[in-house]
Amino acid sequence: MASSYKDEDGHITVSGSGAAAGAGGGSLRSKKPENTAFKQQRLPAWQPILTAGTVLPAFFIIGLMFIPIGIGLYVTSNNIKEFEIDYTGVEMSSPCFTCAQNFSWNGTKPCTCSVPFHLDQPYESNVFMYYGLSNFYQNHRRYVKSRDDSQLNGNEESLRKPSKECEPYAKHGNKPIAPCGAIANSMFNDSLELIYNDPNGTKVQIPLTATGIAWWTDKHVKFRNPGAENTNLTVVFQGTTQPVNWRRPVFQLDSDPDNNGFINEDFIVWMRTAALPTFRKLYRIIQRRSNVHPTLPRGNYTLEVVYNYPVRSFEGRKRMILSTISWMGGKNPFLGIAYISVGSVCFLLGVVLLIIHHKYGNRNNAAEISH
Amino acid sequence: MKFGGDEGRVHSRTIYVGHKSCPPNEAYIPPKFCDNRIVSSKYTVWNFLPKNLFEQFRRIANFYFLIIFLVQVIVDTPTSPVTSGLPLFFVITVTAVKQGYEDWLRHKADREVNEYRVSVLEDGRRIRKMSAKIKVGDIVEVEEDETFPCDLILLQSSRDDGTCFVTTASLDGESNHKTHYTVADLESDLQYLSSTIECEQPQPDLYKFVGRMHIYRNSQEPDVRSLGPENLLLKGANLKNTQKICGVAVYTGMETKMALNYQGKSQKRSAVEKSINAFLLVYLFILVSKALVCTTLKYVWQGKHDEPWYNEKTQKEKDTNQYLKMFTDFLSFMVLFNFIIPVSMYVTVEMQKFLGSFFITWDKDFFDPEIQEGALVNTSDLNEELGQVEYIFTDKTGTLTQNNMEFIECCIDGFQYKHGDGSSELDGFCVTDGPVNKIQQKAGREREELFLRALCLCHTVQIKESTMHRQDQIDQIDQIGQIDQVDGLGVDHEFLHPPQKEMGFIASSPDEIALVKGAMRYGFTFLGLESKNMKILNRNKDVETYELLHVLNFDPVRRRMSVMVRSKTGDILLFCKGADSSMFPQVRQEEVERIRMHVERNATEGYRTLCVAYKHLNAQEYARADADLREARLALQDREEKLMAVYNRVETDMILIGATAVEDQLQDEAAQTMEALQGAGMKVWVLTGDKMETAKSTCYACGLFKKNTELLELTLRTLEDGGRSREERLHDLLLEYHKKAVQDAPPVKLGITRSWSVAGHDYGFIIDGASLSMVLSSSSEPNSRRYKNLFLQICQNCTAVLCCRMAPLQKAQIVKLVKNSKGNPITLSVGDGANDVSMILEAHVGIGIKGKEGRQAVKNSDYAIPKLKHLKKLLLAHGHLYYVRIAHLVQYFFYKNLCFILPQFLYQFFCGYSQQPLYDAAYLTMYNICFTSMPILAYSLLEQHICIEVLLEHSTLYRNIAKNAMLRWKLFLYWTALGIFHGLVFFFGVRFLFSNPALQDNGQVFGNWSYGTIVFTVLVFTVTLKLALDTRHWTWINHFVIWGSLAFYVFFSFFWGGIIWPFLKHQRLYFVFANMLSSVSAWLVIILLILLSLLPEILLVVLRKPRGPHARQKKSSAGDPQSPQSSARPLLTRTFSDESNTVI
């Protein structure tokens, strides 16, 4: 930026040598410039040229590499079993319609509904249970910043004085809200249970693991309960109040002390705001119990929902997703397709260019000879 | 500087020498003048901060960023004020530190000057005091090698002859000794001197001073002495060769001529800068429209989803007025997208220019062993302009030619004397003139000697004193004389060589030295001037002494100079020499014709000619002339005019004795340089004050005019040919030439606009000063505009244009005319003398040649080079590279910020237009500062898409970048499209990936910050690799910087996400980067998107390859083993510039 000031800077150096030499001039007067490679712009340099000769093989190599990777990805993605069921209860016919209709914030009795479904295939490995929300803008700016990370990190001061960012969910009455902010306030609180309807008529409740669903670093470092370890959370949170929309205070989220308070994994998962308005979040993990039986055998199931979470006011949808996982994550054909297409485009281009180059090259040579 | 206004009030100032009242009985009122403190610094400790900040924010870009910053502070904006505050703070601080440092240096220099101890004579005692305390009227004593502390009138010198020698190297760069004179007939003891000095108000012209000194003695009428520049010692000059002097201070401090002379040059802006500003406007438009679109959509969207239960507005938001809210939303969006106009670009461009200019000063090819100097860069703002030059205006003398004069021949009374190699020697003369040769005629001996005496006397040459004392020198000369006498031979020119070498001559013009040396060859040696006596050694080894009565100085209007001398016998002679055109009217006409023939023949051969005349003055005539001269010299007002009138009156009715021819050799490689420059598509115009014949022959000699060039002449001669009025004739000639050169020229095809050499017919155009002024200032306004147009069109269709007999101002006029013509071509002026300063300042780029005519041109130039031949490398190699570098830098910067911000814009469509940033604040801030700035800076300093040797060899390559080729809109659109494409790929690639955010093999999901981080990672890698693809010259620095900044990005991301930062409100990125890397899908998508983004680039290379450059590359590879690699140019240049320039 300096030079643009030079006009105002037309000042002088009234020194012995006088002449106000500008940018880097003066000092080199009457001195022979050094003959170094750098100063003479003669640094040894690699001067690559992208010619058809070098680029064409690259096209082929990319093509040959990407297509198999793409196929692999696509097959992997296809092998992932995924089942998705919408239990919002928009249609009259759906089991949760009444719950959705009659929702009220201060209803004392929780509304429950059972959604039956059928799995066509057995799910062999660990099954991951997600809840999905649509048209829910967890990435809205006002929402994203409405949290106090320092409070969640167990800072006592922030517990009493939540950050201003939490407004209007910072204080209720005169008491500070813990955890404060819109994100915490709107935590997903439907509870979902899976019942396997055994063909022999018995109903088997599928055991759901509620841990291991949040990032390890979040659970162990980023989120921490206030107070020393193993202190009674009830005492620690005394003087704070639960978020307005919560039915229970934060220290009653789970009976397990390692999964209670701020380090409750459901809470942590919710606090990681989703990127897009339609998202899924990990809810439970169904561990594979034995090598003989599939985790979820083929057959009829019932999803038992305690319907606490209203979404119809903003035209949202709620889904339950059962999915197995591969090394690439959940089911997503995009990567496979993308790799295959890019790979084939490269390959095709390679072929086309080879032909063009051949023709052009010849013509060019001919032209040169005729010169 | 600010005292200029004083001049209007009072025309002169009165100084009381030694602060004594004068005449002694009158009351002494100390007049108020400023003290001798030099203040060149701009700031003080107290006002530095406010003043500097104010000045920085006066700049539009800084002001814009300040506004953005303030908006961030005041309004609830998506990004913290730090994101724009930090870069701004950085830029402001760096600039402030730089300016502060420069100012500190100035302070230091000021202090050094101001606290320098000087001796002041007060009441006969010598008092040491600080230089700053000197007051006007103080008598200051200065010793040898000291610098004068203020402007002094020389009162007393330790030398017997009342002279002293100074060098003015720090004022005008001339390192030769100059003689200054004491005021005549003063008391030897200055303590008793009682006098006043009346002189003009301070003015910056170093070479002008008028004043008058009144000396009061014993209350008689005061004696009056005239004071001129020869009595004035300037602050900053050094005393040489003189033990000590005493002088009275007349101008002090900021009123000294030195201080008045330092005025800022007007800022020149390059074409690239103008392009940047145009692009900025486009981006500003994009920015505003993006913000507008988002604001509108936000309110449309909010109609439906205003306030879901999970995301209620705060009380404050609810209370805010709807329209105010809209406005702040608009501002927020502006802030969110403001990164599209990068602060860092200014810093990088600035750094590139500043650092890049070092390569010019470092270039050893510009080093001239003769003067022990290399190139000098006075401004770094115009580096890239060197690659855009379309018109070159060059001075002739000293620029095209060496200004190294050699006496070639002379003609006495119409007989030619040519100095041979001593082969056919005849009294030191040898006659070899063609036509006259047969008769072997010679002029009478008397005439010969008169002519040679004239050469020896009529000049202002001085003898440079070597280290030995004057006495020794005289002895030595005597010795030489003795040797000669002992030898018994006539003066042999070989013999005179040793003294020639030891006796250096100093003169204002090299012609004079050449003449004196020429006379020496013929046996008349000038021994020097000693207390008004000029001594010459004649052929008979006798020392002749002449009393120097008056010197009638040379000036460019009169174009002649004379001396009046009194010989031993008491005859008073006037010798005069000057240009033929100014001499012929002043002499008796009998001799003119015979000599005119010689003069003209010499002129056509490219020699500089001077005519010599003399005149006897009788006592009466002399007395009158003497009185007139003295009177004129004493005049305080219009001294110049009065002197001129006297000179003209005296220099009449002279007798022409002869003429001299002096050769001015062409500069080294002048012809090759001109050829290369013309090959590069530049048009060369020669602007000279010399006469037409001489200039024309120089043009032929350096290949500007060729044998088949048809010359179109528009000079006084051709104008007067027709017999009609000049105006009419001018009209006809212009039309005729226009018809020839413009209309009949073969229609120029679109693709080969600049390759006029295809036309079989070359035209050269010659115009002289008088005709030019007729063209430029014709009587009627419409006519003059029409003439100007015709003139320009003719000139533009000529290969070379020669403008002779130009006054300095006319040179500037021509430059201005071309500069403002259609298409605003970039002009370059190159010159070496003070008469070129105006055109150097006027042109887009001014080049000074470090020649023999002082330093004026160098000081006022943008770049200074020792020789003309260096211009070739400066333009073809440095200029070309700088242009390519900076153009790429600019395009790349806009591109990288477009694809940086576009995903953020697209994200608004997915987050309810809530101004949620996609990237974390750290990434937003660091992107331009750290992650992507260094590679492009390294590129823009080191790139050589074509290596220097090839650029120098194939001057036509210069045409590829002519007319700002790399910053045209078409190319800008290409880069913009590329940026948009990349932005879309980044955003939607990740968008599709996130349709299922469970990307880890443990089923856990990614949130919005992971989304942003993946996009950002792809962005940083793509943008850097894109640059890597464009880099054609990979030095280790490029490798280090490119791979280094990628590694730094990874390292930084780990570091930034690895710690819970206590000072941050949000720990958004905590382990986000590490988690991202633990996901295979993220890796795969990053690789895929980078490749997909770069694919079109690579594709273009292959598609464009078989075209022009390919062929060229093959050709050059045949000849030069080095070039095949280097002639590959960056992909984009190639794609577009070739389309427009190559016709294969």
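Using the three backbone atoms N, Cα and C, a Cβ is placed for every residue, glycine included.
As annotated by TrEMBL, domain 'P-type ATPase N-terminal' applies to B:30-84.
The transmembrane segment feature in TrEMBL is assigned to B:57-75 (among others).
Per TrEMBL, domain 'P-type ATPase A' is recorded for B:115-256.
With a threshold of 8 Å between CB atoms, the same-chain residues lying at least 6 positions outside the transmembrane segment (B:278-301) that come near it are 326, 329-330, 333-334, 336-338, 340-341, 890, 894, 897-898, 905, 908-909, 912-915, 967, 972, 976. Under the heading transmembrane segment, TrEMBL lists B:278-301 (among others).
Beyond the ends of the transmembrane segment (B:330-349), by six or more residues, the same chain brings 61, 64-65, 68, 71-72, 75-79, 84, 87-88, 90-91, 94, 276, 280, 283-284, 286-288, 290-292, 294-295, 886, 889-890, 893-894, 897-898, 900-901, 904-905, 908, 915, 917, 924, 927-929, 933, 936-937, 940 to within a C-beta distance below 8 angstroms of the stretch. Summarising the annotation, TrEMBL assigns transmembrane segment to B:330-349 (among others).
In the three-state DSSP classification, B:D836 (Mg(2+) binding site) falls within a helix. On its own chain, B:D836 (Mg(2+) binding site) has B:D395, B:T399, B:P808, B:K811, B:S829, B:V830, B:G848, B:A857 as residues at least 6 apart in sequence with a Cβ closer than 8 Å to its own Cβ. For B:D395, B:T397, B:D832, B:D836, the entry in TrEMBL reads Mg(2+) binding site.
According to TrEMBL, the active site, 4-aspartylphosphate intermediate annotation covers B:D395. Counting Cβ atoms from all protein chains shown, B:D395 (Mg(2+) binding site) has 31 others lying within 10 Å of its own Cβ. Under the three-state DSSP scheme, B:D395 (Mg(2+) binding site) falls in the coil class.
Per TrEMBL, ATP binding site is recorded for B:D395, B:K396, B:T397, B:E512, B:F554, B:K577, B:R608, B:T688, B:G689, B:D690, B:R805, B:K811, B:N835, B:D836. B:F554 (ATP binding site) carries neither a helix nor a strand DSSP state and counts as coil.
Residues or ranges marked as domain 'P-type ATPase C-terminal' by TrEMBL: B:858-1105.
What TrEMBL lists as transmembrane segment is B:922-942 (among others).
Same-chain residues lying 6 or more positions outside the transmembrane segment (B:971-994) and placing a CB less than 8 Å from one of its CB atoms are 279, 282, 891-892, 894-903, 905-907, 910, 965, 1006, 1011, 1014-1015, 1018-1019, 1022-1023, 1081-1082, 1085, 1088-1089, 1092-1093, 1096-1097, 1132, 1135-1136. For B:971-994 (among others), the entry in TrEMBL reads transmembrane segment.
Residues or ranges marked as transmembrane segment by TrEMBL: B:1009-1028 (among others).
Look at TrEMBL and you will find B:1040-1061 (among others) tagged as transmembrane segment.
What TrEMBL lists as transmembrane segment is B:1081-1103 (among others).
Annotated compositional bias 'Polar residues' per TrEMBL: B:1119-1144, in sequence order.
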- Note on the structure: Most Cβ pairs under 8 Å to the transmembrane segment (B:1081-1103), of B:57-75, B:1009-1028, B:1040-1061, goes to B:1009-1028
- Tertiary contacts of the transmembrane segment (B:1040-1061), defined by C-beta under 8 angstroms and 6+ residue spacing from its ends, are 922, 926, 930-932, 934-935, 937-938, 1013, 1017, 1020-1021, 1024, 1027-1028, 1031, 1067, 1069-1074
- Message: At a C-beta cut-off of under 8 Å, are there same-chain residues at least 6 beyond the transmembrane segment (B:1009-1028) that contact it? List them, or none.
- Response: 892, 895-896, 899-900, 903, 917-920, 923, 927, 931-932, 935-936, 939, 982, 986-987, 989-990, 993-994, 999, 1042, 1045-1046, 1049, 1053, 1068-1069, 1072-1073, 1075-1076, 1082, 1085-1086, 1089-1090, 1093-1094, 1097
- Item | B:T397 (Mg(2+) binding site) versus B:F554 (ATP binding site) - Cα distance in angstrom | 17
- Query: Which site among B:R608, B:G689, B:R805, B:D832, B:N835 has the most other CB atoms no more than 10 Å from its CB, taking these as binding-site residues?
  - Reply: B:D832
- Note on the structure: Rounded Cα distance, in Å, between B:G689 (ATP binding site) and B:T397 (Mg(2+) binding site) is 9
- CB neighbours of B:T397 (Mg(2+) binding site) within 10 A? 28
- Tell me, what is the mean pLDDT of the domain 'P-type ATPase N-terminal' (B:30-84)? 82
- Message: I need the CA-to-CA distance for B:T397 (Mg(2+) binding site) versus B:R805 (ATP binding site), whole Å please.
- Response: 12
